[in-house]
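Novice: So Swiss-Prot has the following annotated:
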type	residues	note
DISULFID	Cys14-Cys64	disulfide bond
DISULFID	Cys23-Cys47	disulfide bond
DISULFID	Cys39-Cys60	disulfide bond
DISULFID	Cys70-Cys120	disulfide bond
DISULFID	Cys79-Cys103	disulfide bond
DISULFID	Cys95-Cys116	disulfide bond
DOMAIN	14-64	domain 'BPTI/Kunitz inhibitor 1'
DOMAIN	70-120	domain 'BPTI/Kunitz inhibitor 2'
Amino acid sequence: LFVGLTSAKYHDVCQLPRDPGPCRAYIPLYYFNSRTCLCEKFVYGGCQGNANRFDTVEDCRRRCGGGDLCSLPRDSGPCEAAIPRWWYNKRTNRCQRFTYGGCEGNANNFKTLDECRFQCRKRSTY
């Protein structure tokens with residue numbers, strides 16, 4: 001159970017709010033804004049804060065996505081849990097089941113089919 005909680009917390013790093021921490025250093029970093037689904041710049045104070053901070057925009061996008069999370073590849077992550085999840089396959093334009101390992105991975109990872117469909121539904125003009 002403890003490992004599961006740790007993995008779940010690590011997976012949710014992209015959902016954490018921007019947190020510069022209480023210190024007053026000036027360290028420009030990036031965080032994932034879960035409302036806009038974009039990696040954005042912020043100034044980290046140098047201590048405390050949370051794990052939603054990345055040295056480069058590329059690191060942020062690799063971990064959390066950026067802009068179009070539905071275009072990210074399926075990524076089970078390196079851990080070995082067997083958690084049923086859904087991912088959006090842009091090639092087939094469908095949400096598909098996959099087995100999530102419980103840590104890391106990317107933002108194209110949904111708990112339910114409905115959540116996947118809601119996030120990645122096609123924007124049609126008809």
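Cβ coordinates come from backbone N, Cα and C, glycine included.
Situate these features within the shown structure.
Specialist: DSSP assigns Cys64 (disulfide bond) to a helical segment in the three-state reduction. With a cut-off of 8 Å between CB atoms and residues at least 6 apart in sequence, the same chain places Val13, Cys14, Phe32, Cys39, Asn106, Ala107 near Cys64 (disulfide bond), listed in sequence order.
Counting only same-chain residues six or more apart in sequence, the Cβ atoms lying under 8 angstroms from the Cβ of Cys23 (disulfide bond) belong to Gly45, Gly46, Cys47, Gln48. The DSSP secondary structure for Cys23 (disulfide bond) is coil.
For the recorded site, Cys39 (disulfide bond), the DSSP three-state label reads strand.
According to its DSSP assignment, Cys70 (disulfide bond) is helical.
All protein chains included, Cys103 (disulfide bond) registers 19 other Cβ atoms within 10 Å of its own Cβ. Under the three-state DSSP scheme, Cys103 (disulfide bond) falls in the coil class.
Around Cys116 (disulfide bond), the same-chain residues six or more apart in sequence whose CB sits under 8 Å from its CB are Trp86, Trp87, Tyr88, Cys95, Phe110, listed in sequence order. Look at Cys116 (disulfide bond): DSSP puts it in a helix.
In the predicted model, the domain 'BPTI/Kunitz inhibitor 2' (70-120) shows an average pLDDT of 92.
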Novice: Please report the Cα separation of Cys79 (disulfide bond) and Cys120 (disulfide bond) in Å, rounded to an integer.
Specialist: 25
Novice: DSSP three-state call for Cys47 (disulfide bond): helix, strand or coil?
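Specialist: For Cys47 (disulfide bond) - judged by DSSP and reduced to three states - the answer is coil.
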Novice: Hey, does DSSP put Cys14 (disulfide bond) in a helix, a strand, or just coil?
Specialist: helix
